[in-house]
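In TrEMBL this protein carries:
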| type | residues | note |
| --- | --- | --- |
| BINDING | 215, 256, 259, 260, 261, 262, 263, 264, 265, 266 | FAD binding site |
| DOMAIN | 4-133 | domain 'Photolyase/cryptochrome alpha/beta' |
| SITE | 290 | site 'Electron transfer via tryptophanyl radical' |
| SITE | 343 | site 'Electron transfer via tryptophanyl radical' |
| SITE | 366 | site 'Electron transfer via tryptophanyl radical' |
Ligand code: FAD
């Protein structure tokens with residue numbers, strides 16, 4: 001008779017410490033077999049040298065090394081999750097699968113399928129809250145309705161928040177002896193999955209006290225590079241959100257803390273309104289008659305619109321997988337308003353390129369820029385991509401960093417006239433929403 005085991009399934013929580021599901025698994029009745037599945041449903045959509053796949057792979061190799069010091073490892077699989085579990089149950093005496101919540105529509109469907117398959121075999125499937133402080137419908141109005149405006153949500157979030165209770169850190173080091181003692185678990189190379197190493201690296205995050213203290217003053221100036229770069233680390237769970245909240249609170253910096261609450265705001269919006277992934281939150285905005293000019297979309301993607309702030313941002317994104325938040329707002333507004341290109345096209349391009357791509361935040365912010373989302377900017381507020389330079393990059397430092405040919409005759413002509421494009425956007429939007 002094979003020895004009974006529980007599985008801990010790592011997904012978007014790639015760390016060993018303060019990982020709530022992992023902690024719970026280590027406190028179960030049976031030894032824990034850690035696994036990760038490179039899901040072909042997701043990988044098939046990605047380019048061969050996707051930087052996020054390289055990052056996940058490297059992170060897992062480091063986690064394997066660490067667990068090998070404890071006589072264990074992480075088993076890596078490549079395939080559709082249900083098929084992988086079929087293989088696992090044929091090899092192990094599996095009792096339970098433990099994992100952390102994932103709120104995205106595809107993940108919910110995947111988990112429901114896996115759970116059903118396991119329950120047919122009398123295997124338990126347990127999931128825990130880990131990636132947020134408050135999830136799903138934990139922060140709602142007094143009548144139970146979800147908040148669709150950020151400020152009251154944030155106020156309620158803070159009202160319900162109790163640092164001792166919600167930021168308790170779950171240390172796992174001393175429990176690693178409860179892992180399956182088998183260090184030669186299946187491994188995978190990137191090439192085994194048809195991938196290659198990306199030349200783009202995910203930067204380290206920076207949440208030093210100075211960065212947090214100066215955040216409010218500097219965060220809007222793209223040349224300063226004064227934000228935390230936490231995005232991809234929160235996305236893949238290489239940091240614990242509780243530890244980051246603790247750091248923010250220790251500096252008594254409400255602004256930085258509130259950005260982390262924005263992330264939770266959009267996650268609960270996705271939970272309550274999953275249809276907003278591809279339909280406007282405010283329905284009448286789906287009546288906007290987009291121009292969707294493919295040539296102009298190409299210019300936008302390549303950073304060749306003739307508007308330096310837009311072009312610098314797109315080139316930063318293409319080269320590094322990152323774009324400063326202020327510039328994300330400018331390029332998104334430019335696409336939806338100046339070019340009248342559907343926000344879904346922009347959202348999809350960001351999804352392909354951003355290292356910190358997060359469905360809830362990306363959709364939420366794109367709909368904000370398009371005017372169609374929760375708590376969105378009114379449609380008639382149109383960013384002027386030139387005055388944004390005067391306000392946030394006066395010395396053109398950011399622009400010069402990303403546009404080599406800036407101020408030479410090689411730099412492209414403007415593809416649209418600001419005043420005309422603005423008026424066209426106003427009348428098109430007005431027609432749709434009035
Ligand atoms: P910091 O400024 O240091 O903020 C710390 C953390 O707070 C971020 O890592 C993020 O988790 C959270 N945060 C900050 N601003 C926002 C915000 N507006 N909405 C939600 N969370 C926020 N953020 C993503 O994480 N993934 C995306 O796919 C994404 N797409 C975006 C698309 C558009 C059009 C716009 C305007 C913004 C988008 N953002 C997205 C929000 C924001 O731009 C990034 O979170 C931020 O620039 C990441 O850099 P940072 O980690 O240095 O952020």
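Every residue number used here counts from 1 along the chain in the order it is shown.
Keep in mind that glycine also has a Cβ here, set from the backbone N, Cα and C atoms.
Predicted automatically and left uncurated, TrEMBL annotations should be read as such.
A quick note: this is a predicted structure, and the numbers were derived from the prediction, not measured.
Known features from TrEMBL, placed on the structure.
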residue : record                                            : DSSP (3 states)
215     : FAD binding site                                  : helix
259     : FAD binding site                                  : helix
265     : FAD binding site                                  : helix
290     : site 'Electron transfer via tryptophanyl radical' : coil
343     : site 'Electron transfer via tryptophanyl radical' : helix
366     : site 'Electron transfer via tryptophanyl radical' : helix
Listed recorded positions 263, 343, 366, filtered to Cα within 10 Å of residue 290 (site 'Electron transfer via tryptophanyl radical'): 343
Candidates near ligand 1 among the recorded positions 215, 259, 265, 343, 366, judged by a Cβ under 6 angstroms: 259, 366
Cα separation, residue 366 (site 'Electron transfer via tryptophanyl radical') to residue 261 (FAD binding site) (Å, whole number): 18
Taking residues 215, 256, 259, 260, 261, 262, 263, 264, 265, 266, which bind FAD in the record, the widest Cα spacing (Å, whole number): 21
Cβ-based isolation winner (fewest other Cβ atoms within 10 Å) among the recorded positions 215, 265, 343: 215
Alpha-carbon spacing, residue 343 (site 'Electron transfer via tryptophanyl radical') to residue 259 (FAD binding site), which is rounded to whole Å: 23
Cα-to-Cα gap, residue 265 (FAD binding site) vs residue 366 (site 'Electron transfer via tryptophanyl radical'), nearest whole Å: 15
Separation of alpha carbons, residue 263 (FAD binding site) and residue 366 (site 'Electron transfer via tryptophanyl radical') (Å): 14
Counts by DSSP class (helix H/G/I, strand E/B, coil) across the domain 'Photolyase/cryptochrome alpha/beta' (4-133): 56 helix, 33 strand, 41 coil
